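Below is one structure, written out as structure tokens; comments come after it.
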Amino acid sequence: LNFCSWEERRVRANDRDYNEKFQYASNCIMTSKYNIITFLPVNLFEQFQEVANTYFLFLLILQLIPQISSLSWFTTIVPLVLVLSITAVKDATDDYFRHKSDNQVNNRQSQVLIGGILQKEKWMNVRVGDIIKLENNQFVAADLLLLSSSEPHGLCYIETAELDGETNMKVRQSLSVTSELGDPNNLAQFDGEVVCEPPNNKLDRFCGTLYWKDCKYPLSNQNMLLRGCVLRNTESCYGLVIFAGPDTKLMQNSGRTKFKRTSIDRLMNTLVLWIFGFLVCMGVILAIGNAVWEKEVGALFQSFLPWDPPVDNFLFSAFLSFWSYVIILNTVVPISLYVSVEVIRLGHSYFINWDRRMFCSRSNTAAEARTTTLNEELGQVEYIFSDKTGTLTQNIMTFNKCSINGHTYGEEQHMRVQALDFSAWNPLAARDFCFYDQSLLDAVMEGEPAVHEFFRVLSLCHTVMSEEKSEGELLYKAQSPDEGALVTAARNFGFVFRSRTPGTVTTQELGKAVTYTLLAILDFNNIRKRMSVIVRNPEGRIRLYCKGADTVLFERLHSCNHELMNVTSDHLNEYAGDGLRTLAVAYRDLSEEQWEEWSEHFRGADKATDCRDDRLAAAYEEIEQDMMLLGATAIEDKLQEGVPETIAILSLANIKIWVLTGDKQETAVNIGYSCKMLTDDMTEIFIVNGHTVQSVREELRDGGKEAEAPPPSLLESISGEFALIISGHSLAHALEADMEREFLETACACRAVICCRVTPLQKALVVELVKRHKKAVTLAIGDGANDVSMIKTAHIGVGISGQEGIQAVLASDYSFSQFRFLQRLLLVHGRWSYLRMCRFLCYFFYKNFAFTMVHFWFGFFCGFSAQTVYDQYFITLYNIVYTSLPVLAMGIFDQDVPEQRSLEYPKLYEPGQLNLLFNKREFFICIAQGIYTSVVLFFIPYGVLSHATQSNGVPLADYQTFAVTTATALVIVVSVQIALDTGYWTAINHFFIWGSLGTYFTILFAMHSSILFNIFPKQFHFLGSAHNTLGQPVVWLTIALATVICIAPVLAFRFLKLDLKPQLSDTVRHTQLVLQKKRKPGGRAGRGVGGAGGSRRSGYAFAHQEGFGELITSGKNMRLSSLALATFASRHSSSWIDTLRRKKHANSPGDRLLKIQLCHHRNKLHFKIY
């Protein structure tokens, strides 16, 4: 054998010494970010990426220098350590759960063949080249080459939900040369060597060669069992480990855990830099002033007021003054800002956890905010990337309606109509099957030939396997969930599929056992879109039964079916309008001569070595002609509850929803129609299915030309009624560097985008593409391990705790059990979190500029000596005690409109998407208001008190009187301001605002009391100053005057803005006040009425694969247990959604979705909402 290159991997069975030379990865996985050694440095590095943390560390260093510090060092180090500690504990807790999950997986037990003996080993100790034994329902520990199985012909059945989200069974088969090595002794002697491709993320491809006994055997994906799969319906199997741990395809598709930060965090980093620059400018101005003053005026005092060492000239004095002012003015961004932000985010997270309306009683699962750092970003989402299976669907499908011989059967579930009871006359009926139309059961009981033949087709024409655990207890294992639904329907109506052998199918028809000879299965594939069986009944009559897509089947009917075909076609249109998946059903009688002649052609095509598929297709086409139509079936995809409503509401909030699924195109399209992402009135649906770069580019450009018909400025607002559907192999080309922008522009011009057959990594790449080029907030939602990479890549990851394990939940930022909870998470919690955080930040910057800039103005009147206006206790307590709780209450509890209105008016969500409530413009407005307030608070008391006297004639112009007056005015002004800013008053808001004012006066009088003076005479010098100052009427008049001058412009501006340019939230709130009654809930009870020309969707969409017919007739999979039954589920009422859409499209793209008109009628104010 040649020397192993980096482009290939060599693995020798049962030879650890040989394999260890290549230093392959062990089977231990690690999804955590830290360990005990790296936690402190890595976490601190991440935290000091916050510019503010670095800024406060710098200030702390400055405060340790006594020559320039006029404030104690503990005022900075205590809050800084507190913030770092809180964040570190939170990060450590998150990572602890990741470690716990990793340990749980790594410590799973597997049976490894060592020295000819099966020994139990932990997964982490499995090595490349080991042979391991798997048993039924066990997870596959690593990527294995299947060597042998307990099933005949080396077959085994696996479920791949963790990889691609599909819950139907898949078949894998070992090489025939190794399939007989079922005994551990034989496997211990196996020394074959595998040469294969290096680790990669391609789930559907594997290329390699097995060298054994001087022969070589090609290997493909059909021979591989991938980590994350579950062995089903197979007693045991043996496999050779090819890829382990991080090299497995599952882990190759899992993105790394990323440090997520919100757009507000990033903006605050920029603003802190700007503020620091502003601080430096103020420091420079005051330092220059100090230099000038010391040179011109201070020099005159040197004889009795010399400079403190080491100052020896005015320039050095100015240099020290600069740093002193940097310390004094640093409160423009206090460390308490970041403590408060973390507390507010924690509160918002608890609100999500406590929300009973996001609690699923069926699964006993509450919503969980698994991170506290992203809450406000929930109010800014523009793109949602959703998985399909288990996220939009429940994995349940039901037989809903049918058309037989021109008669339609099937009624909707109503409160007054009870489901039919089949058990009374059919002991083999499935208990969970529900049907509501008695007339169909009557037709069966009356013996109508067409009805009997219809259900006979459903009981015979399929590839379902049956397992009878006990007498009468049947368990169907279907390759696709719709097949299971159809066979179950036939079972309940008296045509029970019991068992099969390679040559027979046994049914029980109305209590009578009937065995049919199975002559041939004409297998399904995506091109044929149909399957047929040819059977001989006990009387010897040969008949072909066929079911398939109506568009394909109608072309192959006998001409005498024209009238019946038209009636059935009308029924199919009606079913499609209701969002149901349809199949047509037909039969053909064959004579013995026709069968013999065709059988000869079929055998010749089956044995062909070249163009076998084409020859088989031609043979199938030959016999599937001149069929007689029986009718059609209609199956309902069980969507999760509220999916269509949720998607409609979110789209009205200008959120674009893309579905990224591992399922087939037909499946995705069906779900798109069921959840109303796709509608029949769309202008066009672009399907990109090219296999080459050039074909994909042409298809994208064709779609782009259509979609770009609106003006370019409207492309971002889902202006066109277009949809884009692209397959995984086309997406691989579309994501290349030279085509990705073209793909993105076309996709963003469409209202709906569905990507089919995509790998987990492709999901992440699509999300990354939108993140990179659109600069929009993205959210990814999924429920399986195949969604983990996408969830980690998006700004916000949401995990659905469903049927596919907990990997998605563990990787997510938020989790709940139903897709419908997403609208509440975004439109209520997300919008409120964004609103609260923005109001909090605006007020916080305002109050701190108002507080700090007073020092700046005072510098011009104190010889630029870096003396503070307020005493250091007020400076310390201002942000910690006097103003912290009111702003926290606003940041945690505030709301502009109630939660019901947030859901009724989705357009209220748009300010967050446009980042209108806190941006650079709003920041400058806040600091301008703060600077204006500081000017008033300094110069009004300064001007009044400089000429004021006490009642006894003593002047009031002293430092302490000025300090108390200014501080009191400041606390009152900011308290009145937050009262104006608060939109939703609670008892807590009242208690915190007025309680903080009371606390200020209590502490103020206490610090100037004789009690503290007697205990700490050096710390509290100004005995009675507060009592003396606040006992003067002129002081209170000064405070009142300053308050009015500060607040009056704000009130005037807000009244004018409300009157001249009200926001939607203002109008909604005003509506509520005027009407004084709750709006009636929207009409959700009615069922949508579909148009006559509805798009029909084949029931074969769900992951039905070619090849099962051949397996059945060969007898290779004959065993009581084989394939698994996976079921999918239901579409909900949607008439109100259609109404909303009509309202949306009635407006031109530039118009507002919601128009609210005020009109006067009979002296009353009315609101017209339309």
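Along the chain as shown, the residues are counted starting at 1.
Glycine is treated like the rest: Cβ placed from N, Cα and C.
Heads up, TrEMBL stuff is auto-annotated, nobody curated it.
Here is what TrEMBL records for this protein:
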BINDING   Asp387, Thr389, Asp783, Asp787  Mg(2+) binding site
COMPBIAS  1083-1096  compositional bias 'Gly residues'
DOMAIN    11-77  domain 'P-type ATPase N-terminal'
TRANSMEM  71-89  transmembrane segment
TRANSMEM  271-293  transmembrane segment
TRANSMEM  313-339  transmembrane segment
TRANSMEM  840-861  transmembrane segment
TRANSMEM  873-893  transmembrane segment
TRANSMEM  923-942  transmembrane segment
TRANSMEM  962-980  transmembrane segment
TRANSMEM  992-1015  transmembrane segment
TRANSMEM  1035-1056  transmembrane segment
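Overlay of TrEMBL annotations on the structure.
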residue	record	CB count, 10 Å
Asp387	Mg(2+) binding site	31
Thr389	Mg(2+) binding site	32
Asp783	Mg(2+) binding site	31
Asp787	Mg(2+) binding site	34
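Model confidence over the domain 'P-type ATPase N-terminal' (11-77) is summarised by a mean pLDDT of 84. Through the fold, the transmembrane segment (873-893) approaches residues 71, 75, 331, 334, 336, 340, 343-344, 347-348, 836-837, 839-840, 843-844, 847-848, 851, 963, 967, 971, 974-975, 978, 981-982, 984, 986, 988-989, 992-993, 995-996, 999-1000, 1003, 1007 of its own chain, all at least 6 residues removed from its boundaries and within a Cβ separation under 8 Å. Only pairs six or more apart in sequence are counted, and the transmembrane segment (962-980) with the transmembrane segment (271-293) gives fewer than three Cβ pairs under 8 Å, not enough to call it a contact. Each residue of the domain 'P-type ATPase N-terminal' (11-77) gets a DSSP state, and the totals for helix, strand and coil are 31 helix, 2 strand, 34 coil.
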